[in-house]
Structures are given as C-alpha cells and as structure tokens.
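Visitor: Features from TrEMBL:
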COMPBIAS  7-16  compositional bias 'Basic and acidic residues'
COMPBIAS  20-29  compositional bias 'Low complexity'
DOMAIN    533-656  domain 'STAS'
REGION    1-40  region 'Disordered'
TRANSMEM  129-148  transmembrane segment
TRANSMEM  182-201  transmembrane segment
TRANSMEM  263-279  transmembrane segment
TRANSMEM  291-311  transmembrane segment
TRANSMEM  342-366  transmembrane segment
TRANSMEM  420-441  transmembrane segment
TRANSMEM  447-465  transmembrane segment
TRANSMEM  477-505  transmembrane segment
C-alpha cells in the first residue's frame, strides 16, 4: 500500500519501481497474510495557497495562543469591553472587586512593603545608585503594573540580579563615585532601553527570544551572581572603605584580605549579628510557610533596631558608616536626564538589553509559578508589555530597572494577595515613607543593607537543581557549570554571554546531530521500537528499519547520510556474523521528522539512488503533512513507486513481504 492517488485532482500516480533481491537481517517471523490488518494510505494535506500557508505559519509562530479568539461572534459594545480588558487586565477583575478582596490585598500589600522598603534601598546600593532611587523604583512601577499586568501575585520592584548586572556593566566604563551624575543618567537611559526592548518583544510577540536562556544556564548564572553579590557585601560587613570595584571572585577576595587594616570590629559584630538574625528568620519561614511574616518583617525590623542602636550609641559606634540624608518627596521627573549622546549610547543599549532580558525572564517565571499554584493563566506577551511600559515610565520618574521579585512575590502569595491591588497598597506605603519618614533612615547603618542583600540573594543558590541536572542531563549540567564559572571568574556580562552561547550550542547540537535509531519488532505485536532500548525487540528478516528523530535540514543532511550508511554497514556485518537473511529493504520511519527543506529532499533522493545501485529498496513511513507535500511537489515520490510510502512500519513490512512472496 502506498500513496493514495485515486482521489487526487492533479492525477498524481507514481510509477512502480523495480524490486531488487537483497539480504535479510534478523530474527522475527514476517506476519502472515491472515494476520495482516487493513492498510491505510498516506494522504497529502489539504491544498492551500502560498498566502494561506504563510498566514497559517505566521499565526503559529506569533499567535500560538490565538489571543483574538474572545472577540469572535461578539457585538460592538462587547468587543469594546473585551478590548479594554485585553489591554488593561485591571478591567477583568475591577467590576467584581469588594471589601473582602481589599482586606486581603491590604494585608499582603503592607506586608510586602515592609520587605520592599529595606530591599529597595539595599538593591540601589548594589547598582551603585543613591539609596533613594531604590525607593522611587518601589513606587511608580508597581502602580503601572497593577493596571497592565496579568498576574495577581507578582510583587514588583528592584531585584538583585538586574541591580548587580547594571552596576557591574555601567561601572566598567563610568565611575559612580567620580562622575555620579553621568552614572545616574546612564542608569535611567539603560532602564529606558530595557523597557523599550521588553515592550517591543511583547508587542511583536517575540518572547521566544528569551527562551535561549535555558533553565540550566539560569541556575548557574544566578548562583554565580549570588556568590559575587554576597562577596561584594563583605565591604559593608567588614567596614572596608577602599574596596575593589571589580566583580570577579579573585579580585574581590584579594581586596578583602589586602585591606585587613580597615576592618572595624564594631561593624563586624553588628553586621554578623543581624545577618544571623535575618538568616534565622528566613529559615523559620522556609520550614513553616504559615510563618511567612517572620522573614518578611525581619529586614525592616533589622533596619529599625540597627538605626536606633546607632543613634543612641553614635559616640561609641563612630566607625559604623550610615546612609545619611535621604531627600523627602515624590519621584522627581527624569526624562530630561536620559542621555542619548553617541559616546554612551552603545553602553546604555547594551546594558538595557541584558538587564531587560534578565528581569523579563525572572518576572515571567515568577508570575507563571504562582499562577500555576492558583490555576489561572499569565499571558507572557502581556507581561512583557506591562514590564516594559513600567520600566519606560520608571526611566522618566527617577527609577531604574524593576521586575517581579521572587522573594517579595512569595511573601505576597503567602500573605493572601487576591489581586494586583496589593502592589497599589505597597506603593501607597512607599509613598508615605517618601513623604514623611525619610529623616528616620539617616542613621541606618550600611552594614544592615549588606546583611539584607546577602540574605536575599543566598536563596538564588539552588544547589539541588544543579544536582538534578547532573543526574538527568550531563549536557545541561555542563551549561550550568560554564555559566556559573563564567560569572564567578570572568565577569557577569561575559558569564551571561557564555550561558547563552552554551544554550545555542546545545540547540545546534540537537539539530545537527539528531538521534537515528535502529528499530525492531516487539514479539506478538505490530509495534516497532529501538532495539537498544527494548532488548526483546527483534530484527525483521531482510529489513533494516531506521527512525530519524529530528527535522531534516541542510545542517544535518551530511550527518544523516553518513549515519544511515553506517547503520547499513553494521547491519550487513551482523547478518554475516549471524547467518541472517540478505538485506533487501531500508524502511525510514519519518514520524518524528516534523519538517524538511530542499537539502533534506535532496538527501532522501540521493539516498534512494545510492541504495538502488546496491539493489536495496528505500521505503518512507508516515511523513508529516508538510514533509509529504514537499516531497510530492519536488516529484521525488514518483521515483519511489506504489510501494514506496506507508502509514506505519507494520504496513510496510507486511505489504512488501507479501509482494516478495508473490514474486518468488
């Protein structure tokens, strides 16, 4: 049974090919005619014009979720409402919002505010920015996200990894101490480009670009960055004044021990005492999730206690450095500070894109994690646009890169947040702080900020994930290790580049070196499986059944040609050693071949010709619709004849075996 040609309007009817007698290879009896089941024909897909194919392909690439399906069969007013809900997700739940929801959101909003305020100040220091910028970044972006975001539990604000990357990339070319104004301008400009890049990905539905940061590379990258961040905080924990600005392991450790004469015992005692307190609070909340408020309140509690201690004992703790004056008031506009001059434009764009990718990856991953827990959907493209627009707005209101924080979102979730209003409540608490409470932070010691940062980033070191990678996929583990070592010993940006490079290399490896399996029959069934995986699977006399588990492209055609010929050689050697039947037919199972290009078609055609010269028949099994269509359009199928294409391996074996018997 071959290609179904009787129903074809174009009269396609392939000519039969000459059958050649050649050799078996095996151990399984060929199914007898009375055991055979009805064979099914391989059909071409429905006819489509080039424009229809292009439209369908673009829809699959850019609109896999069919975002406009809700507008079908709707009236004008209803479409308007759905359009508003589509652009502004707040309209989806605002009409049903009640006092009970407000009560839950108020509790969670105030809880995450207690965490966001000290973390905002700390992360701004990590990015080499004034501490007040961290608070500004915890006010405007959450308000924007509450209107545009689709996650109910994502808590928005500065995050450690994006802060570290921005600080390390900008400080490589601009000194935050010698030229703080220019540095601040470039931070806002980088934030603008990060937001523009993120929003563009969402608008153009190109979110698959961030998928090149695989889970494995992110595990290594975040662990390496967390260690570098923690080591950098030794400056604050030990009270060192002259510290290296480099972000590599060796220079940081050298600076720590080279500046031993600057260590201050008062700072060390206070820093490690509060670090122990924060880590203990974190451990309690991890062991007992119902006590989430312990770790949430610990940073603000540490800030309050340490500030009171320094204020009361300032004459005795003169060696402990403090934050100092923080200006009161709302975010000042910063659109006039965006620097698009040619000399720094490349640095701003590069920093913006890298921090944008990292923050986007973290924000979407966190949002989807908590959405899965509550069984609702988070639209990835909407999230990209929401995060991008809030960063664009933030760059014009004295904010730097923000996204959804895992630690704050976890607290938000455990505190019972029901909607994005918790972000509005948090922003309101930050607003009160900005307007009235800034003088209270004057005596807050910098060592507390270092302790808060270490406690926050230590959770990013997921050694259990690395162990799982080693057990499950050694190549993924190597990608994780390369990313980790790159960040730790080279630099954060280059470590990220290594991570992306390893991920792309892995993709290319899978594409250019696809799996090619030798199949055998499971006794008593019509199922054919890999003979190396299923020891009971037996070779079929006179047949070699191969399966290709990849699209056939220009990149892997040469490899597949060599691999198939090697399999034939090995099969013939096995036949000679075991006295098997002569090999007569190669069956190529194309079930997993999802696509083929012109080089792939040429590979199939050349393989058929090569085998024909050796009196071996080539048979194709179950080509996908698009593959079948291309093979037909190229007229390659005509050379295969009526016994050249089958729907299943079982059909091919039984039909060709019966043909051989009739010719005998």
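Cβ atoms are placed via backbone N, Cα and C, with glycine included.
What you are looking at is a predicted structure, and each value in this text was computed from that prediction instead of being measured.
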Visitor: Other than its close neighbours in sequence, what residues sit by the transmembrane segment (420-441), given a CB gap under 8 Å and a spacing of at least six beyond its ends?
Guide: 89-90, 97, 101-102, 105-106, 108-110, 112-113, 116-117, 120-121, 131-132, 135-136, 138-140, 142-143, 145-146, 149, 151-157, 303, 307, 323, 326-331, 412
Visitor: Find the member of 182-201, 291-311, 342-366, 447-465, 477-505 that has more C-beta pairs under 8 Å to the transmembrane segment (263-279) than any other listed stretch.
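Guide: Selected stretch: 447-465, with the most Cβ pairs under 8 Å.
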Visitor: Taking pairs 6 or more apart in sequence, does the count of Cβ pairs under 8 Å between the transmembrane segment (291-311) and the transmembrane segment (447-465) hit 3 or more?
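Guide: Counting Cβ pairs under 8 Å, at least 3, so yes.
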Visitor: Can you tell me which parts of the same chain pack against the transmembrane segment (182-201), counting only residues 6+ beyond its ends and a CB-CB cutoff under 8 A?
Guide: 127-130, 133, 166, 170-171, 174-176, 207, 209-210, 334, 337-340, 344, 347-349, 351-353, 355-357, 359-360, 381, 384-385, 387-396, 398-401
Visitor: With DSSP as the reference, give the number of residues of the domain 'STAS' (533-656) in helix, strand and coil.
Guide: 58 helix, 21 strand, 45 coil
Visitor: Same-chain Cβ contacts of the transmembrane segment (129-148) under 8 Å, 6 or more residues past its ends?
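Guide: Answer is 87-90, 116-117, 119-123, 154-158, 167, 176, 180, 183-184, 187, 323, 326-327, 330-331, 382, 385-387, 389-391, 393-394, 397-400, 402, 420-421, 423-424, 426-427, 430-431, 433-434, 438, 441, 449.
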Visitor: Mind looking up the mean pLDDT for the domain 'STAS' (533-656) in the predicted model?
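Guide: Averaged over the domain 'STAS' (533-656), the predicted model reaches a pLDDT of 91.
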